[in-house]
Amino acid sequence: MRSLILPKTLVHLAALTPLAILLWQMWGEAKGFSNALGADPVAEIEHRLGLWALRFLMITLAITPLRQLTGWNVLVRFRRILGLYAFAYASLHFAAYLGLDLRGFWAQIFQDIIKRPYITVGFIAWLLLVPLAVTSTTGWIKRLGRNWARLHKLVYVIAVLAVLHFWWLVKSDLREPALYAGILAVLLGWRAWKALKARATAKVKARSVPAARA
Amino acid sequence: MNLREALRIPSADVTEESVYRDRRRVLAMLGAVPALGIAGCSEAAPPASTATITPEQAKAGFSTAEELTRELDATTYNNFYEFGTNKDDPSNAAKTLRTSPWTVAVGGHCAKPGKLSLEDLIKGLSPQERIYRMRCVEGWSMVIPWLGVPLGDALKRFEPTSKAKYVAFTSLADPRQMPGVRSPVLDWPYREGLRIDEAMNPLTLLATGMYGKTLPQQNGAPLRLVVPWKYGFKGIKSIIAITFVERMPKTSWNMSQASEYGFFSNVNPAVDHPRWSQASERRIAGSASKLFAERIPTLPFNGYAAQVASMYAGMDLKKWF
């Protein structure tokens, strides 16, 4: 247990770095000494927070395949932190949209959420993340038992919605969202392949075991 | 003084507007000099009065008292997909564009077609400064001081015939000079078009400069269109061909996604883009921090309704978006 304090601290520091950089640049923009956020800082803030939410989602989903490939079971101990950072960045992304982008035009929120498919799916993805974040505590894990794992399978749906959110917002150059779609396809494809293989072995066992006993 | 320091200066310390305008006028004249030089110094001196805007012109929509977008913002935040799809790609990559010599082919239904040098195309037409709002379909806007000539004045010289119902424009698409053209993000070359009355409207500008200077490459050098009551993408950049046509010409964004980008693309808060509400916009202008700037409501025809709405009388603008 104690041995993980250092790596966990490092993970926290690494995960907070993009936020720290962004806050520093926002401070610079507000005080007028930096132009690092460009001509449209609100769009840049929204975009960057959203991108980090997506990245943390992908990193969280990469834990299981990495563990299976390397045999490093300790990796699973970092999954909760990473997932919570995905939720934190997604929440800040949503907060920036509400608090910076739509400032003074609150009525537009409902119209946006209902009428724009990319905002609809983004909002649903964030909504689905909420119960996962709430039930991430040890107490909830115990209380929910087997249902906890079932509930947290929602992360697959969330990841697909998040990529779709990015895909639909791009005007015509799909290369960047396609990159994330590709990563997600690999991460989910790995699980699908594993599941198929496990089912096949189970079938073989089911057939062969009684025969061996006989 | 470096750039960051320059940005920190409070607006009260900045040169008074009248002086600034005068400076801009001088710069505008300077900008006109090289062109005249190439054209053989056929005119003794560039016209002096045209760069400043009279109150009458301001009333006609040729100017606005709204805060200008900082030149740094207008020249580093660009949609010019021929140089990449990120906003900062054009300012980083467009230096490779060779803007001189530059020829424009004018043809189609007109009595005097021809292939002209840029200098000959605008020779003798009085350069003007126009301060226009520019509204991007993505929901942001700027206020930019352009230099140029009214498109209509330039077009009339080619004597369009009665068959010329529309004007089609084509951008340069040279993969050696424009790295973005190597990827099929749009069907190159970039194409745009106007109905002939829109092209002849006094607001429509054929721009060769901005902020009292020659147009930077990333902003569409050496020759671009500025149609202030339409979304920014109608302002085709680095024009190499102008053609008078009888039928509504194909336009790049309409070809890419017809359900989202119409031929007219007039700024209209009542007609939403499927992905962006057009009811409001973020104004990228002024010297204050834009971090906490509130959105502003978008106006029909981008605030130029008095000058242009009559051209669309009787048209269903929800259908003809």
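Note that Cβ sites are derived from N, Cα and C of the backbone, with glycine treated the same way.
Quick look at what TrEMBL lists:
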- B:Asn78, B:Tyr81, B:Glu82, B:Cys136, B:Ser171, B:Asn219, B:Arg224, B:Gly235, B:Ile236, B:Lys237: Mo-molybdopterin binding site (BINDING)
- B:98-253: domain 'Oxidoreductase molybdopterin-binding' (DOMAIN)
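Overlay of TrEMBL annotations on the structure.
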residue: B:Asn78; record: Mo-molybdopterin binding site; DSSP class: coil
residue: B:Ser171; record: Mo-molybdopterin binding site; DSSP class: strand
residue: B:Arg224; record: Mo-molybdopterin binding site; DSSP class: strand
residue: B:Ile236; record: Mo-molybdopterin binding site; DSSP class: coil
Around the Cβ of B:Ile236 (Mo-molybdopterin binding site), the count of other Cβ atoms that are within 10 Å: 25
Max CA-CA distance, Å, over listed Mo-molybdopterin-binding residues B:Asn78, B:Tyr81, B:Glu82, B:Cys136, B:Ser171, B:Asn219, B:Arg224, B:Gly235, B:Ile236, B:Lys237: 19
Other C-beta atoms that fall within 10 angstroms of the C-beta of B:Arg224 (Mo-molybdopterin binding site): 23
